[in-house]
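**Q** Below are the structure tokens for one structure; questions will follow.
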Amino acid sequence: MPKNTKVTQREHSNEPVTESVADLLSLEHPMDYKSSQMSMGLSPGSTAPGKALLPSPDPDAEDGRPAWNNKLEYILAQVGFSVGLGNVWRFPYLCQKNGGGAYLVPYFILLLLIGIPLFFLELAVGQRIRRGSIGVWNYVYPQLGGIGVSSLMVCGFVGLYYNVIIGWSIFYFFQSFQYPLPWAECPIQRNGTQAIVEPECEKSSATTYFWYRQTLNITSTIDDTGGLNWKMTLSLLVAWILVCMAVIKGIQSSGKVMYFSSLFPYVVLFCFLVRGLLLKGAVDGIAHMFTPKLEKMLEPQVWREAATQVFFALGLGFGGVIAFSSYNKRDNNCHFDAALVSIINFVTSILATLVVFAVLGFKANVMNEKCVVDNAEKILGYLNTGVLSRELIPPHINFSHLSAQDYAEMYGVIKTVKEDGFGQLGLDACVLEDELNKAVQGTGLAFIAFTEAMTHFPASPFWSVMFFFMLINLGLGSMIGTMTGITTPILDAFKIRKEILCVVCCIIAFLLGLLFVQRSGNYFVTMFDDYSAGLPLTVVVILENISVAWIYGTKRFMQDLEDMLGFRPYSFYFYMWRYVSPAVLVVLIAATVIEMAVSPAGYNAWVESEGSERFQSYPPWALAMAYALIVVAMLPLPLVFIARHFNLISDGSNKLSVSYRKGMMKDISNLEEQDEQRFILSKNPSEAPSPMPAHRAYLGPGGTQEMTNTNYGTSTKTGYQNIGSPESEL
């Protein structure tokens, strides 16, 4: 071999060889990567083959990609993204609906089977490739590059309506600075000298009336837009300004915001837990919550809802997880991060459930006592008018100090004696269990049930301010992750100032979000929540799983993880990624499709004359819009696959990060000369080694015989592309 080749230079230099395999094969001078996007850290003038390269202090920083200031910022960002409003108002509802403490069993099992493994997978690919969701899947399997585009579109849909919820919280936050709280009592209408209670409020409740009429000023159907609600429009504008300020500098600004937005909700939850446990009836609520109904575990619906909650609780498929991890160093222990964030998320859900049911237990006792008093007054009226005989009242009952037990005894006697005409008396049973069984979820829990409970708190404005400030921070943490999932892939693909991109995205999102601040906007929030994310995200995640485990190869991926982390992950992950997680996701997709086909498509419309909700089917145009959300979110998947299958567009695989390329070259440079020559001479120039280095073959889970993959160097687009390939940019 000539003396001026790169291979022979290794014998006379201690510097690592960083030229590409193509350079070694062609014996040409390496290109000046300093001026290219794929800069390898060469110093000016170092392109001559005989000149030594300057050592690189930090290969992860050479591509100019931002990095987290410290590990704590990164963990708080992932926690802030995964821990959101769903932990506060959906997990407690699912626990109550699906067997109380028994629901925790399927939830925890599915957290182990699909939650942690898939969360670990997203963290690993993002950290290894150091790109956003679009770039990552272009590298793994270009024909499935539509995964990243679909992920970005779902992020956009979710961000549009999610920030509306933050806007509602901002409105309630500012309304909380008054005593009594504006939703504590029904408004009074005066007609001359006569004062009457607002009929709509009297038929519902003060908190329900404030939500539907004072806050949303809602119309009775989705067909009637009603024009813009200016109070909500202003609140939405404030919400987008907050999000823009939090993410305008990328992780440099969002990382700082996370110190507060991620930690403050825990302070509020602990305060509410302590306060809630001191309230009368709090123990009843918690006991009701954690009394297991084991027969519920046999129902398939419970497992489906547990899988869905695990799926969304960790933010899988949104792209935020990948985007955040792409700013990590290459050797960061993402396995530890996956387990830590998943456990924090689970514990937070349990903590929020304790808080919610302590407060709802207090509310149930208050409402039950009110029921007893109201019905006792009815009985006294019947006694005074002779409708009921005083002989029906047990002698030990004192109406001035009537307990729930005394009322239950009296109610039972009257019901037994007056069996035929009992229904005409209009008496309620006033059973505490019935109040505790009233399932409330979503906005109903936060803006109706919880607000009603807080009106009975001492110093209720203080607790209301704390509660809605917590909701704002929970929402803000999730929105930062959502916006990062949108902006990171765009910044990776195009050279745009992140400040300009952030401002433009927020302005466009605010304008599109005006759909949700019409008087009928709440119906569109429900539509987007039901259709824009569920099925598309599940499809995105199963394709992520398949592209890594079955196309790229689980053995190769496990070996890559060992090279990156310095240790081999448990074989548990091998089987989860290869078999269990895809199977569970297929079942989840099938169950979701079946539920959509069986359940009528509609929404709960507010009927002003009745002061209550009534289910209504979507009109044809709204139903078409709902299904269009699913189609639009999933459309990039087949379009990109077809376009790249027929070579209509570039695979965009040449934008590997510098740290990725240097890591590969470093592993090549460590080969013995004999191995190096064999490595070079046994492959054609068009053949590409895996950018995820494979200098040690993975033995398989529990295997003792070395397993090799002969497809590492194939030139087909079924794996990561060769960094030396002259691929055009996407």
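Glycine is treated like the rest: Cβ placed from N, Cα and C.
This is the feature table in TrEMBL:
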- Gly80, Val83, Asn87, Asn345, Leu474, Ser478: Na(+) binding site (BINDING)
- 35-46: compositional bias 'Polar residues' (COMPBIAS)
- 705-730: compositional bias 'Polar residues' (COMPBIAS)
- 1-20: region 'Disordered' (REGION)
- 35-62: region 'Disordered' (REGION)
- 684-730: region 'Disordered' (REGION)
- 74-92: transmembrane segment (TRANSMEM)
- 104-125: transmembrane segment (TRANSMEM)
- 146-174: transmembrane segment (TRANSMEM)
- 232-251: transmembrane segment (TRANSMEM)
- 263-286: transmembrane segment (TRANSMEM)
- 306-327: transmembrane segment (TRANSMEM)
- 339-360: transmembrane segment (TRANSMEM)
- 462-488: transmembrane segment (TRANSMEM)
- 500-519: transmembrane segment (TRANSMEM)
- 531-552: transmembrane segment (TRANSMEM)
- 572-598: transmembrane segment (TRANSMEM)
- 618-643: transmembrane segment (TRANSMEM)
**Q** So what's near the transmembrane segment (572-598) in sequence-distant terms, Cβ-Cβ under 8 Å and 6+ beyond its ends?
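**A** For the transmembrane segment (572-598), the list is 110, 113-114, 117-118, 120-121, 300, 304, 307-308, 311, 534-535, 538-539, 541-542, 545-546, 548-550, 554-555, 557-558, 700-701.
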**Q** Given the transmembrane segment (531-552), which of the listed stretches 74-92, 104-125, 232-251, 500-519 has the most Cβ pairs that are under 8 Å apart from it?
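**A** Against the transmembrane segment (531-552), the leading stretch is 104-125.
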**Q** Other residues with Cβ within 8 Å of the Cβ centroid of Gly80, Val83, Asn87, Asn345, Leu474, Ser478 at the Na(+) site?
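**A** Near the Na(+) site, the remaining chain residues are Val79, Phe81, Ser82, Gly84, Leu85, Gly86, Ser262, Pro265, Thr348, Gly477.
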**Q** What number of additional C-beta atoms lies within 10 angstroms of the C-beta atom of Ser478 (Na(+) binding site)?
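**A** Other Cβ atoms found within 10 Å: 28.
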**Q** Let me spell it out: take the transmembrane segment (500-519), skip the flanking residues so only those 6+ beyond its ends count, and list any with a Cβ under 8 Å from a Cβ in it.
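**A** Beyond its ends, the transmembrane segment (500-519) has Cβ neighbours at 156, 159-161, 163-164, 167, 216-219, 224-229, 232-233, 235-237, 240-241, 243-244, 247-248, 483, 486-487, 490-491, 525, 528.
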**Q** Any chance the transmembrane segment (462-488) and the transmembrane segment (104-125) are in contact, meaning at least three CB pairs closer than 8 A with a sequence separation of 6+?
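**A** Output no: the transmembrane segment (462-488) is apart from the transmembrane segment (104-125).
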**Q** Taking the transmembrane segment (306-327) as the reference, which of 74-92, 146-174, 232-251, 263-286, 618-643 gives the largest number of Cβ pairs under 8 angstroms?
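**A** Between the candidates 74-92, 146-174, 232-251, 263-286, 618-643, the best contact partner of the transmembrane segment (306-327) is 74-92.
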**Q** Going through 74-92, 146-174, 263-286, 339-360, 618-643 one by one, which has the most CB pairs that fall under 8 Å from the transmembrane segment (232-251)?
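**A** Comparing 74-92, 146-174, 263-286, 339-360, 618-643 against the transmembrane segment (232-251), the winner is 146-174.
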**Q** Which site among Val83, Leu474 has the most other CB atoms no more than 10 Å from its CB, taking these as binding-site residues?
**A** Leu474
**Q** Can you check which residues sit near Asn345 (Na(+) binding site), meaning Cβ under 8 Å from its Cβ, same chain, 6 or more apart in sequence, and list them in order?
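**A** The answer is Val79, Ser82, Val83, Asn87, Ala313, Leu314.
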**Q** Any residues 6+ beyond the ends of the transmembrane segment (618-643) with a Cβ under 8 Å from its own?
**A** 143-147, 149-150, 153-154, 157, 222-223, 527-528, 530-533, 535-536, 539, 543, 601-603, 649
**Q** What stretch, picked from 74-92, 146-174, 263-286, 339-360, has the most CB pairs under 8 A with the transmembrane segment (104-125)?
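**A** Against the transmembrane segment (104-125), the leading stretch is 339-360.
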